[in-house]
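**Q** One structure, as structure tokens, below. Some questions next.
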Amino acid sequence: MKLKSLLLRYYPPGIMLEYEESGQLKTKSIDLLDLHTSTDVNALVEEIQKAEPLITASRADQVKLLIQRLQNKLGQYSNHKFYLFKVLRAHILPLTNVALNKSGSCFITGSYDRTCKLWDTASGEELHTLEGHRNVVYAIAFNNPYGDKIATGSFDKTCKLWSVETGTCYHTFRGHTAEIVCLSFNPQSTLVATGSMDTTAKLWDIQNGEEVFTLTGHSAEIISLSFNTSGNRIITGSFDHTVTVWDADTGRKVYTLIGHCAEISSALFNWDCSLILTGSMDKTCMLWDATNGKCVATLTGHDDEILDSCFDYTGKLIATASADGTARVFSAATRKCITKLEGHEGEISKISFNPQGNRLLTGSSDKTARIWDAQTGQCFQVLEGHTDEIFSCAFNYKGDIIITGSKDNTCRIWR
């Protein structure tokens, strides 16, 4: 085995190794999920050398430099104060969703006006209007990390695949018999998955535009869908109170997670694919072992429906957002509540960690988005100005840009 190159991966923090083995180029990663600004880098490099034979003494200095760069990056945006950069009167009818590409250089908005628009973040200029759907454009996504394609799912029962560069439509995926309400690209960007009110999910081939599999088994609408990090599993959450994990290579059901007693609002894997988090209208989140589908914990404490939930990038923290107007942070290891985020005056429909994992972003029906300290639960900043409820908010990959989307038909760029 011969090491060819070392590459930095910022989120989640790690180093990618490219090496040659019997004539073939292969890659593996060293995850640095415990890296903090206070970590002793010399001791960490020694540990890495013991565990990874490819990191020889001659490469140790290079690894040290890469880790120091990572450390600087982690500290860089952690106390960033956000200011309103631009207000975009994006659509004539209400927005449904906003999504950023990986670098945050551009973003997309979906709307009831049947279009999706692509925007330049730095200038706030509209780059393309993606027209062709015959009903509400509800679900939208970039094929991150590549960011050269956009998928749009519509109430017209179709999904369309578009070029970011030209705005032209590559494919229209037809086959669902009811509204498409969620979609996701696989990490390799070879497939797009769609979830529908017709109780099925479908996998589509991006190259030829053909349907690959239909995932049947739910008895009610599918409203949540995501791939795991390696792309070999898909998870679907349904109004039938269950979550199903599917094999993305065969379309077969791996197992169904049964335990919630109301509709599912979110379902996702953590970064290393060892745990699954599900949120429900039954006021709880459940944590499941992804290897066998067994429930390992029920996270309680909210007084109303869970509307959103997420892991941080390392999978160590879990955040929940509820219709009770509060959010909570739990430890994935102890399953105990670490802190409670109180301050919103309306339900919280969206929650996400910044890439560094030390801040949380929430969007609420009280017309504000808030940034919180993930450890202490203190409100760090209130993003005010929207005149109606915020239903969508997101950080970019670096954590130095925020987009908020509101029922007031505008989205705001904060930086």
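Placement of Cβ uses the backbone N, Cα and C atoms for every residue, glycine included.
Automated prediction, rather than curation, is the source of TrEMBL annotations.
According to TrEMBL, the protein carries these features:
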{"type": "REPEAT", "residues": "88-129", "note": "repeat 'WD'"}
{"type": "REPEAT", "residues": "130-172", "note": "repeat 'WD'"}
{"type": "REPEAT", "residues": "173-214", "note": "repeat 'WD'"}
{"type": "REPEAT", "residues": "215-256", "note": "repeat 'WD'"}
{"type": "REPEAT", "residues": "257-298", "note": "repeat 'WD'"}
{"type": "REPEAT", "residues": "299-340", "note": "repeat 'WD'"}
{"type": "REPEAT", "residues": "341-382", "note": "repeat 'WD'"}
{"type": "REPEAT", "residues": "383-415", "note": "repeat 'WD'"}
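Any idea what these are sitting next to in the structure?
**A** Sequence-distant contacts of the repeat 'WD' (88-129), counting only residues of its own chain at least 6 positions beyond either end whose CB sits under 8 Å from a CB of the stretch, comprise 135-142, 144-145, 147, 150, 152, 154, 162, 164, 166-167, 391-398, 400-401, 403-407, 409-413.
Distant neighbours of the repeat 'WD' (130-172): 96-103, 106, 108-112, 114-118, 178-185, 189, 192, 194, 196, 198, 204, 206, 209; these residues of the same chain sit at least 6 beyond its ends, with a Cβ under 8 Å from one of its Cβ atoms.
Confidence annotation: the repeat 'WD' (173-214) carries a mean pLDDT of 97 in the model.
Away from its own ends, the repeat 'WD' (215-256) comes close to residues 178, 181-188, 191, 193-203, 262-269, 271-273, 276, 278, 280, 282, 290, 292-293 of its chain (Cβ-Cβ under 8 Å, at least six residues beyond either end).
Taking Cβ pairs closer than 8 Å, the repeat 'WD' (299-340) reaches residues 11-12, 33-34, 262, 265-266, 268, 270-272, 274-275, 277-287, 346-353, 355, 357, 360, 362, 364, 366, 372, 374-377 in its own chain, all 6 or more past its ends.
Sequence-distant neighbours of the repeat 'WD' (341-382) (same chain, 6+ residues past either end, Cβ-Cβ under 8 Å): 10-11, 74, 77-78, 81-82, 304, 307-314, 316-317, 319-329, 388-395, 397-399, 402, 404, 406, 408.
Summarised by DSSP class, the composition of the repeat 'WD' (383-415) is 0 helix, 17 strand, 16 coil.
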**Q** Under DSSP, the repeat 'WD' (299-340) has how many residues in helix, strand and coil?
**A** 0 helix, 22 strand, 20 coil
**Q** In the same chain, who gets a Cβ under 8 Å from the repeat 'WD' (257-298) while lying at least 6 residues past its ends?
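**A** Beyond its ends, the repeat 'WD' (257-298) has Cβ neighbours at 12, 31, 33, 220, 223-230, 233, 235-239, 241-245, 304-311, 313-315, 318, 320, 322, 330, 332, 335.
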